[in-house]
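Residues or ranges marked as ATP binding site in Swiss-Prot (evidence: sequence analysis): Pro97, Ile98, Gly99, Ser100, Gly101, Leu102, Gly103, Ser104, Ser105, Ala106, Cys107.
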Amino acid sequence: MSVVVYAPASIGNVSVGFDVLGAAVSPIDGSLLGDRVEVAAGEQPFTLKCVGDFVAKLPVEQEENIVYHCWLVFARELDKKNIELKPVSMTLEKNMPIGSGLGSSACSVVAALDALNRFHNLPLNEVELLALMGEMEAKISGSLHYDNVAPCYLGGLQFMVQELGIISQPVPCFDDWYWVMAYPGIKVPTAEARAILPSQYRRQDVIAHGRYLGGFIHACHSQQPELAAKMVKDVVAEPYRERLLPGFSNARQYALEAGALASGISGSGPTMFSVCNDLEVAKRIARWLEDNYVQNDEGFVHVCRLDSTGSKVTGSEL
């Protein structure tokens with residue numbers, strides 16, 4: 001018996017919702033933009049093999065890999081429930097660039113924990129599993145935030161509420177929006193991107209942030225796409241993180257002049273996103289970004305839609 005789970009890329013913050021808003025995305029051409037994890041019956045308590053395009057960027061030691069730590073916390077939770085942990089042989093297919101702003105660590109965490117849970121016949125419920133995912137994300141980034149793991153696991157656009165035992169809630173979005181995702185091929189560690197932010201903000205920035213986020217959520221629920229797009233503004237992180245992203249300002253300006261409804265930094269960068277409601281505009285922006293924002297062979301551009309499913313089983317073998 002074995003199971004393979006795919007976990008999609010995600011946009012943390014979506015510009016307007018620092019640490020509280022996230023969206024899962026998948027390319028419209030059907031290609032997989034995310035990590036996969038296989039869990040199979042093992043002869044030892046735990047073994048891990050790593051494959052994929054970005055396997056060279058992973059720690060050499062198994063004990064330093066986040067998938068190993070996912071197994072440890074999963075074992076801890078099963079022990080609390082007096083449920084037997086099965087010996088497992090795990091394989092991580094690392095397709096996501098690390099430090100990309102696409103929720104790379106979340107992809108590995110979500111795929112690993114979802115696959116472990118399915119392999120053990122779902123002993124943990126959705127909220128319990130999501131809490132573990134947040135714990136693992138905090139281990140990597142240094143702070144607890146669900147804006148990548150929640151959409152990666154649950155799909156769609158997710159708003160983090162973290163009250164009444166509820167971690168996140170889905171937000172209705174717009175079916176005709178395309179999301180152009182451009183990764184330049186350089187690395188921006190989340191911890192470094194957080195360190196550059198100020199410890200205090202001006203009152204007018206706090207007011208603006210509340211207005212934009214409240215306006216965006218309201219516009220999504222009332223299905224006003226033009227208003228929602230106007231609200232996608234970041235006064236918390238983008239003004240400070242721009243300096244870490246070569247060419248971002250010019251790329252955003254081009255995207256907006258070319259017809260994008262909104263454009264911003266995905267997560268802590270360096271990936272940027274541009275929202276379009278016209279496929280030809282999205283493709284034109286994608287071509288320009290490939291020529292002008294991508295810096296090396298590791299970079300890429302995808303025209304995406306929101307991934308409404310989140311993590312999912314893709315078979316029993318990689």
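Cβ atoms are placed via backbone N, Cα and C, with glycine included.
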Assigned element (helix, strand, coil) containing Cys107 (ATP binding site), judged by DSSP: helix
Cβ contacts of Cys107 (ATP binding site) (under 8 Å, same chain, 6 or more positions away): Ala7, Pro8, Ala9, Ser10, Gly34, Asp35, Asn95, Met96, Cys152
Gly99, Gly103 as binding-site residues, winner by CB count within 10 A: Gly103
Neighbourhood of Pro97 (ATP binding site) by C-beta distance under 8 A, where only residues 6 or more apart in the same chain count: Phe54, Lys57, Ser104, Tyr183, Gly185, Lys187, Glu298
Lowest local Cβ density among Gly101, Ser105, which the record lists as binding-site residues, within 10 Å: Ser105
Mapped DSSP class for Gly101 (ATP binding site), helix or strand or coil: coil
Other residues, Cβ within 8 Å of Pro97, Ile98, Gly99, Ser100, Gly101, Leu102, Gly103, Ser104, Ser105, Ala106, Cys107 Cβ centroid (ATP site): Ala9, Met96, Asn148, Gly267
